[in-house]
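The structure appears below as structure tokens.
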Amino acid sequence: MNDSLVNPQSRISRLAFFHIDTPLLLGLLALIGYGLVVLYSASGQSERMVEGQLVRLGIAFAVMIGFAQINPQTIRRWSLPLFLVGTALLICVLLFGHIGKGAQRWLDLGFMKFQPSEIMKLAVPMAIAWFIASHNLPPRLHHLLIGFIMCAIPTLLIAKQPDLGTALLISTAGIFVLFMAGMSWKLIGFIIALISAFAPVLWTFFMHDYQRRRVLTFLNPESDPLGSGYHIIQSKIAIGSGGVDGKGWLQGTQSQLEFLPERHTDFIFSVLSEEFGLIGVLVLLVIYLFIIGRGLLIAARAQDNYSKLVAGSFTLTFFVYVFVNIGMVSGLLPVVGVPLPLVSYGGTSMVTMMAAFGIIMSVSTHKRSLAKT
Amino acid sequence: MLKKRVAMQDVAAETRLFNHRALFAMVFVVLMFGVIIANMYHLQVTSYQVYQTRSEGNRIKVVPLAPNRGLITDRNGILLADNRPVFSLELVPEQIDDMAATLSELAELIEISEEQQSNFLKEVRQQRRFNSIAIKEQLNDEEVAIVSVNLHRFPGVTVEARLSRHYPFGNLFTHALGYIGRINTTELARLEESEQLANYAATRDIGKIGLERYYEAELHGTMGYQEVEVNNRGRLIRVLRSVPAHSGKNIRLNLDVGLQLTAQQVLLEKRGAIVAMDPRDGAVLAFYSNPSYDPNLFVHGISSTNYNALLNSPDRPLINRVTQGIYPPASTIKPHLALLGLETNTITPSTRIWDPGFFQLPGVEHRYRDWKRWGHGWVDVYTAIVESCDTFFYDMGVKLGIDRISDYMQSMGFGEKSGIDILEESNTNMPSRGWKRARHNQPWYHGDTVAVSIGQGYWTVTPLQLLVSTAVLLNNGMQPTPHIAKELTDDLGTDSVSTSLKSSTPVVNPRNWQVIRDAMLQTVNTQKGTAFNAFRGANYTSAGKTGTAQVVSIAQDAKYDANALDERLRDNAMYIGYAPADSPTIVIAVTVENTGGGGSTAAPIARQMLDYYFSAGVNNDE
């Protein structure tokens, strides 16, 4: 495996024939296997939930393998149309969308409900990469500006639903493309300064009450131990009481006795921390680091700029998911509804994420044929 | 061409630029993972103890277990207060799919009132869904049977048994035993002050009056507890540790069921009190106040109708007449006064006075009449006690003076609390100059002394004080402390309630004491004795003294006519006595309100009590 990490093209395995990147696949399988073990415990030993997760993982893997078969150049050609369709759907959601939990995110297609913002998680970085890569790197200022606008439109539409978490993740994915493309450090500094200045405006005009409450709770969770601070306090108790070696699988009192809210979805990391301790956390982080490292390596070795930018952006977005989720359950970041990728119980986002890995695999395995042309 | 060359240059630069950015990103990712790890280290290693403690605090709850209250039995082990299971019909809302249907089906089986149903539904809304809530309490046997047979049809419905205090003899022992009831705020504060509150965490009831209150600490026992694991909704998951409760001590009383029943039967509708004890150690053998009431009413919370009926009854059933009934002692204290006369040499056994039927203070017209209008003639101390001559005592009393009377009578227990093991004991009055000055701001007059000399006027006693003072007469100045409880038993052993006598009244000449006892013996056993008729034919020798207390003062020269007076203004009948006369094992005090003469009403009651006492051999084990 080390061998193939260093040089993915050193041998043509049977998996490579199916355009599967072996190290990435092994990393994902390790993550998913670990995740299922934790989920069994976090779901209160519900075999039904684990089976459901397996079914979704099967679909997600099928989607990943499917995307891996598509030549990056084909994907590149589809980037802009996908972006335009996604934007149109976002507008539809705002007009006709299904309202759930105070937010309007779903589009009811009759046979299924569907979240267009999931498409945009892929479409935004793809479209920006398509645009930036069609010019020389580093991008000129006006190209960057167009990139920002392409990023801002869906972000604002999603923020309006309101789904601030997803909006921020999508804009992050877009900005990662610009960053990887070589946006100047000066401009990066300027943007950070601008965002800092913009934050109070965002607070006053764009944030909903529940979002503000989340931030306030994040700043001082103990101020409201039975209300909105309850989640984060219980989560920290779960993590902290796990200690170095954890309470043991299925032995986590915080999770098994349901003191921990949303234990099988957003807070599954707390279950892992409680039952497997710091050691279990380090194992998880090593797996994530391996996947991210492999993703960045694939991006670096990609032969065209579009592939580099897309693979790099997807990988960094994956990292952001991991960091935001762990940061939020351990009290470093405010509580935003971000799942722990490929571990949390849940549907749509998992499929989107595996589609992204499919595209990364496609980038990794289609170089030879690209070189031939 | 140019464009292509520029593009060619860019490929290398672009790759270098991208690789830099990728490397930077990787370093950034590693750094951020470092932040996560540092935070994890802080939570899981540095602050481990804090979170570990909070996690345990979350899951472990301590559930207190109530101890079983100690049982109370009579001297022969017959249960007077026990704990019985009380059944209630309870429902767990979480386990019931269709509450309305379940309720209506249950209501078809047993009677459940609209009020019970609406109270239950109100409770359901306030409680957690998995808590068991009672819809009907105190099911009778039939209802328990009907519901139990049908339980399989009702998932989530149970019949729960809880221990509840029960007094099988109903009103027979009420004033001695008292009763228990729900703990109120005053009692809560008292428990907190005595640092007993924690021990009552699982206890609903507390001794309210009587022995139940006096021996609360012993009867209650020690709370146990279970450490249980609960989930976030407080539902019990499993028991981690269990420390059983330690039952309260069982109390065996000196009282005898047979004597109590006799007391109740002889008093019947009459208001009064009967109290008897062993003069040698203060063991209370009988303790009955009539009318009584059923203490079981109070255990489950008495209804206001029932309570008001008790409270407002003209017969005052709530008053414990033995210790709270305040009566003039009347002639029953003549032996005590005579003893003081002898001990102070105010009289001798041979001193005689002429009784013309009245007494006059020097230089005063007012005649203090004897109960015998034509007088007793020549009277010595024996005759004065046997025939209960008032004039003799008027004369002697005035010679003694109030100061000596007051001091001496206090030493015999008058005006003092007896120290019996119930707390409901009233203050009585042994009058003195100082008392009258303080109370009425008046000097003491000779006339006051005259009234006191025959146990009237300002002097008041409880039946229990009469009893104790009589025991002092028998014990040559040694005073027993009456105690209803005989012994307290738990697993560790049996403790006897202290029976020591205290030296209370100074003895100048023991022969004087024998004189008084002889006079009391003659009261019962000679033809002229006021209690002769009552005890004629008894197969034991007893001694005693009658008393007839005026409730209202009779105008000068007017004749007391019982029929003309309102029933509640008629004389109280009193009797004190003991047996066997030579070495007494029982001393008794009988007080009957508004029934007339002590010899005609109270003495026969004492006779029946003593008859039972000897025929049943109540105190034979001593």
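Using N, Cα and C of the backbone, Cβ positions are placed for all residues, glycine too.
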Check TrEMBL: it lists B:Asp370, B:His376, B:Cys389 as binding Zn(2+). Then name which of B:Asp355, B:Asp407, B:Asp421 it lists for that same site.
B:Asp355
Beyond the flanks of the transmembrane segment (B:21-41) by at least 6 residues, Cβ under 8 Å:
none
Would you mind reading off the Cα separation of B:Asp370 (Zn(2+) binding site) from B:Ser331 (active site, acyl-ester intermediate), to the nearest angstrom?
12
Cβ atoms near B:Asp355 (Zn(2+) binding site) (within 10 Å, other residues, all chains):
24
May I ask which residues of the same chain, at least 6 positions away in sequence, place their Cβ under 8 angstroms from the Cβ of B:Cys389 (Zn(2+) binding site)?
B:Asp355, B:Asp370, B:Lys372, B:His376, B:Val379, B:Thr383
Suppose you look only at the domain 'Penicillin-binding protein transpeptidase' (B:272-610); what would the mean pLDDT be?
90
Using Cβ-Cβ distances, find the residues under 8 Å from B:Ser331 (active site, acyl-ester intermediate) that belong to the same chain and are at least 6 apart in sequence, listing them in sequence order.
B:Ser388, B:Asp390, B:Ile454, B:Gly455, B:Lys545, B:Thr546, B:Gly547, B:Thr548, B:Met574, B:Gly598
Identify all same-chain residues not among B:Asp355, B:Asp370, B:His376, B:Cys389 whose C-beta atom falls within 8 angstroms of the centroid of the Zn(2+) site's C-beta atoms; report them in sequence order.
B:Gly357, B:Lys372, B:Gly375, B:Gly377, B:Val379, B:Ala384, B:Glu387, B:Asp390, B:Thr391, B:Phe392
According to DSSP, collapsed to three classes, what secondary structure does B:Asp355 (Zn(2+) binding site) have?
strand
